[in-house]
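**Q** According to TrEMBL, the compositional bias 'Basic and acidic residues' annotation covers B:46-57. Taken from TrEMBL, the feature domain 'CBS' covers B:729-791. If you look up TrEMBL, you'll see B:41-60 marked as region 'Disordered'. Marked as transmembrane segment by TrEMBL: B:115-139, B:160-185, B:276-300, B:312-336, B:356-380, B:400-421, B:474-494, B:500-522.
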Number of protein chains: 2
Amino acid sequence: MNNSNDNVNFIVGDSTSIGSTSDTARLISNDEASTSNYTQFNKTSNYEHSDSDDLHGSHGIRRRHPVQKIEPGSMNMLSAKYESLDYDTCENHLLLDEERKRGYPFIVKKDMARWFIILLIGAITALIAFIIDICIEEFSNIKYKELKKSVDKYVLMDRLYIPYLLWVLSNICVVFIGSILVAYVEPVASGSGIPQVKCYLNGVKVPRVVRIKTLVVKAIGVISAVVGGLAGGKEGPMIHCGSVVAAGISQGKSTTFNKDFNIFQYFRDDHEKREFVSAGAAAGVSAAFGAPIGGVLFSLEEGASFWNQALTWRTFFGTVIATFTLNFALSAYHGHPGELSFPGLLNLGKMEPFPFQFYELPIFMLFGAIGGILGALWNYINYRLAVFRIRYISTPWLRVVEACMVAAASATCGFLMMFLLNDCRPLGEDPTKVPLQLYCADGEYSVMAAIWFQTPEASVRSFLHDPLGSYKPMSILVFVVCYFLLSTWTFGLAVSSGIFIPNLLTGAAWGRLLALGMQAIVPSMTINSAKYALIGAAAQLGGVVRMTISLTVIIIETTGQISNALPIIITLVVAKWVGDFFSEGIYDIHIQLAAIPLLPWEPPPLAHNVYASEVMSHPVFTLRTVENVGHIVELLRLVSYNGFPVVDPPLTDDAEVTTYKRLRGLILRSQLIVLLQNKLYNENANTSWPNLNVDMKIFRKEYPRFPSIAELEISEWEKTCTIDLRPYMNPSPYTLPHRASLPRLFRLFRALGLRHLPIVNDVNEVVGMVTRKDIARYRVWRHCGHMGMEELVLSNEI
Amino acid sequence: MNNSNDNVNFIVGDSTSIGSTSDTARLISNDEASTSNYTQFNKTSNYEHSDSDDLHGSHGIRRRHPVQKIEPGSMNMLSAKYESLDYDTCENHLLLDEERKRGYPFIVKKDMARWFIILLIGAITALIAFIIDICIEEFSNIKYKELKKSVDKYVLMDRLYIPYLLWVLSNICVVFIGSILVAYVEPVASGSGIPQVKCYLNGVKVPRVVRIKTLVVKAIGVISAVVGGLAGGKEGPMIHCGSVVAAGISQGKSTTFNKDFNIFQYFRDDHEKREFVSAGAAAGVSAAFGAPIGGVLFSLEEGASFWNQALTWRTFFGTVIATFTLNFALSAYHGHPGELSFPGLLNLGKMEPFPFQFYELPIFMLFGAIGGILGALWNYINYRLAVFRIRYISTPWLRVVEACMVAAASATCGFLMMFLLNDCRPLGEDPTKVPLQLYCADGEYSVMAAIWFQTPEASVRSFLHDPLGSYKPMSILVFVVCYFLLSTWTFGLAVSSGIFIPNLLTGAAWGRLLALGMQAIVPSMTINSAKYALIGAAAQLGGVVRMTISLTVIIIETTGQISNALPIIITLVVAKWVGDFFSEGIYDIHIQLAAIPLLPWEPPPLAHNVYASEVMSHPVFTLRTVENVGHIVELLRLVSYNGFPVVDPPLTDDAEVTTYKRLRGLILRSQLIVLLQNKLYNENANTSWPNLNVDMKIFRKEYPRFPSIAELEISEWEKTCTIDLRPYMNPSPYTLPHRASLPRLFRLFRALGLRHLPIVNDVNEVVGMVTRKDIARYRVWRHCGHMGMEELVLSNEI
């Protein structure tokens, strides 16, 4: 067996960087040279490739060419820094060994442990939601009560600038705390967390997204954002919190606290962890909206590639537990234990079923269209702001300053509206918690002050349930414009807050405005303002987030009225259609800005003429079945790849056969690291299959963060040893031939959640590797009725 | 190029029948012999296989051995007669060509056509549901009114046997019509159709399941079954109807009427058709239960392997259209157009939200457990009956006689209960359509007569909404026992009827009985009888069908009260757990009895030591890239396989290289048939790539039923021609190495909906083929806490 330390089985190729468009013809001829003993193969292969070149040259399909210049904020890039999750099981000898030892009783035990963990995830997520909710409610109460005292005191003295300054100051102080945490301690906790969770569920390893530290920052951040008066909601962050809880509990250890409870070790791999995280996200949705079914659908819509009945059923159990626990806790807190009247954080109040007539269907569609247009506009403004932030607001302290600025601006907006719009209503008719007289007559209170002196969630309730004539049209119009701009400015700040509530609020407001308009046009009509406010809210939210069935169910469950489903569905369908005509959903925009290689649902259309040989990265770095330690160390130090094909060793040292690389298996960087770390190698090169006492535990111990190669100390003597990789490698990885098309690659990747896919030639020799990034580079674009395919740039710089 | 007519590239192996357990060692050594020039490969390969044999011998996993004797009614068989759908796209030259010609505008057009077809599917399914509903209602009204007249007349004369005979006769006559149709015209229309649709969506080509003839028989059959007084429902058949509608509309042609509209031709492949059928099934559920969300979830739960957002959203659109259309039609029929108060066929009446206390949670669990046990019992009785039917009731006329017998028995049961149980209630308090005085005092009517003299659906409503004291406990108990037995006897008859309603009815009855019991034990408690009746109904149905999230949502949507979700969910979770402990769901039992190779959700656990080389069928029949017509014809006549690997032709006629079989692609029997039918071959063997004017249309023209090889006339001269298969074959089929494990095979099959999977050795030579049946043979069994894996027998006899 060849035991020398040289690089003989590296393919010495050109230094083409990964992901740059490769020249098919050149590559194929290279491969053919290496297999020149197969004349027959060459003959037919040439035949086909000449044809594919022909197709490729004249396909007549509009295809954008890759952008060469990388600009910050460009949507045409993918970052090379994101790794994928290993969803595929490595069926190596150790796994077989473990299965044999444990047998079916272990399967049953594992299954019961899964149900138990889901129960814990549901309950703990709900308790966190409970704590966040109570904190927000209590702190907001204190804040607005103090402000009211101040206003009541100074309004008579005509020194309203004092409560104004007080308001601005309190906003800034509270937001400052959350913003500092987010900007300096854990930037991944910013925003709603839904894009990050979506990426994780899609299979992208977003760094630090499911750590306990992130959870703590997120929880404090969302309290500070809402109490600080920003136009943000607490629902999106709940989804993120649920995911972190799931990841933490299912792994039975915490990296943040460096504590290992030594439980649930058998769930320590990416596959199991991802399933729990998807259940956690569902529990988060469920707690946020009181929507157990919507939660399941959310995690399916965002996370599932493969619908699995057992997983869905368990997830459903988790969401029910979450809703139930939260309901119980909130009911008990509000003094009605056992009544169970607080199913979720988002409480829109009791909606009545609203009957509707046929002539209203076009009205619902119109609302949907308006929502789609306004949503696309919201997304566009937010996108421009995000690009601006990437370019100019790049340091943490600038981000903190911006957050504080927005907090001040929110207070200013509110104050100006209260001050300038004199919209009064008699007291007692519709009690608000902090009624402010301001300039109103005695026995009246300022409507605008009531809207601003409460949490956005309470304002949504007001717009839904207050009688039709409660607000002057002008007040609503100004409010819509202000809040629309404020909310789009807020999303993307260095604070933790979501966009559900602000968009529902904006939508409810313009829905009510349109209802007033209709009333003015057809005075004989009896207008149900709650109906139109709700439809407007749904339209606006649907136009921004573009979620499909899960959003529909969430809204239905939140309002607690299934009989209102049809109007809501029609509105959401139209909103999505119209919105998609102009732009993508806000989450997708942010994912693209972050250059995350998310895989969409379907392969790009008309891409059957893009072949694996174009998509794959090459040259490929391989290891032999029995490999020299020095060589492995060198390879790991040299390249940053995470998976290496294991190939048959060459027969001799003869130079001609050094490229002999018939695929035998696939080994991951993390596995190699563990092997080196545990010194599982043999001095004597002829003893293979060295250590049968090794089991899966050594791989699980380090999961999920394995040391880097630089952290390992390998002596010169050790470098002369060998490792037999066969017991550890995945002996039968999925592969595809180099002539496979992009849609075929895509489907295999998407359906099985792959991370690496070796591309082989006709005699099963590795000629390249495809990773998620190589596939995600090919993206379909649609814009105003046109469509095409574009190739994104893969960059290490972002 | 070798153009002789001999069998040189058949591997002449032993005549091992497909699916019998193959001897791994022997197979591998065969393969190795054929690749004996790769000494290095052999060396390592032997190494590994000796190990795998070791594993195999001593795995310590309980594994049932295949049953050798085939008995009718055995659950341990798979029928070889079921073929699979071709879900994988064949990316051949023709497809590329078509894509290139049509470009993106065609993609947009196709997408819009999809939405339009879904709209039609939803609307037409709803109209069919409407017609069925109206027919059942009107005919039942006439029947029961006439019977009432007769009873009223003869009860005074003490000659009640006359109305009894009339009842029996009317039942038998009506059931006879439906039964004759089902037994003689279209046997696949029997039962609820859900098992058949489930199999189709899973990828099994159940013959004639989506034909228009089936739809007609089903519609008439379900009307006759319900009007004929059988313990069956109209909801399951609606799901089947929706599927047929979808298949018919999306294909733009009807085989039954031999009519081709020449529209939507581009949807004529198994992949597209299956997607439409899944939307149709969803529309059927939606129309049956007024449950648009439940419909989507049903088709996902039963059909989806890959969750696709766009498909889900379109399906949702279809279900909403179905609910809306049906609602509109029924409302208009009942004289309230525009009121939209009839969302689905199953109308349980308006349920109030019921508040519940914590101490009730254990009660819900208890109900769930009872439902699980009763459901398992129901399934067991039905299973024994089904086996009895397979053995002894094998001819159509016997099946008709049995159906008529059950119809008579139903009437007898009802009559005896009315006659013997004297349970009276004052008139007017709770109006029933046909109040019967019978032996009651004046101003009173017989409660049992009211229950029996209406459709089962109306009886469910009575049990849900009548006040607590309406029924005597004894009446309910007798009713439960009778109806339980009747309904389990009815399912599986040669009539079209479902099991939702009968089980809801049984469950509602025992739920009410338990409520009465609780009232008797704790008289101080105020018992909401509707709540317990509903919970009982859910528990009974859940215990029988074992559907998960979709059933939950269907029940929630049907009752129109989302606030009752938690009790229903808890009940259903427990019912499924308890039921699964004893047996499988009723649909799975019937699928197993029919020996259909359904793929479950997950691979059997602990099956990593079963290798592809064991699972695959071999020897494998291959074709050369440029193949002789005579050889193709001979092969198609000789074997019944549906997919053939295309391999490189041997270099010479030398015997040593005749087994050279490097994989180049995969071609289907249907493709070969079309090639032969259209005489797409060349006289001159050296001209390859013969006809570039051929396009996809010739393959779509014959879809879905291609002529058999026996129907083609091939002259002796033609047999000397050659076909170049390369433009038609799938050039890059998914493959796996022979050392891949069963779970790996399974996941690839399940996630991508494969039909054929060539198994290759280390140098990419085909050594076997795996089909759905080969995978479905390995099944996990669970029974009373034990589990294991069993190998089913694959048989041509059933």
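Cβ atoms here come from the backbone N, Cα and C positions, even for glycine.
Computed from a predicted structure; not experimentally measured.
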**Q** With pairs fewer than 6 apart in sequence excluded, do the transmembrane segment (B:276-300) and the transmembrane segment (B:356-380) have three or more C-beta pairs that lie under 8 Å?
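**A** Since fewer than 3 Cβ pairs under 8 Å link them, the transmembrane segment (B:356-380) and the transmembrane segment (B:276-300) do not come into contact.
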**Q** Do at least three CB pairs under 8 A connect the transmembrane segment (B:160-185) and the transmembrane segment (B:400-421), leaving out pairs fewer than 6 apart in sequence?
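**A** In contact, yes.
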**Q** If we skip the immediate neighbours and take only residues 6+ beyond the ends of the transmembrane segment (B:160-185), which ones have a Cβ under 8 Å from one of its Cβ atoms?
**A** 139, 143, 146-147, 150-151, 153-154, 213, 217, 220-225, 227-230, 396-397, 399-400, 403-404, 406-408, 410-412, 414-415, 419, 493-496
**Q** Could you break down the residues of the domain 'CBS' (B:729-791) into DSSP helix, strand and coil, giving a count for each?
**A** 16 helix, 28 strand, 19 coil
**Q** Within the domain 'CBS' (B:729-791) only, compute the mean pLDDT.
**A** 87
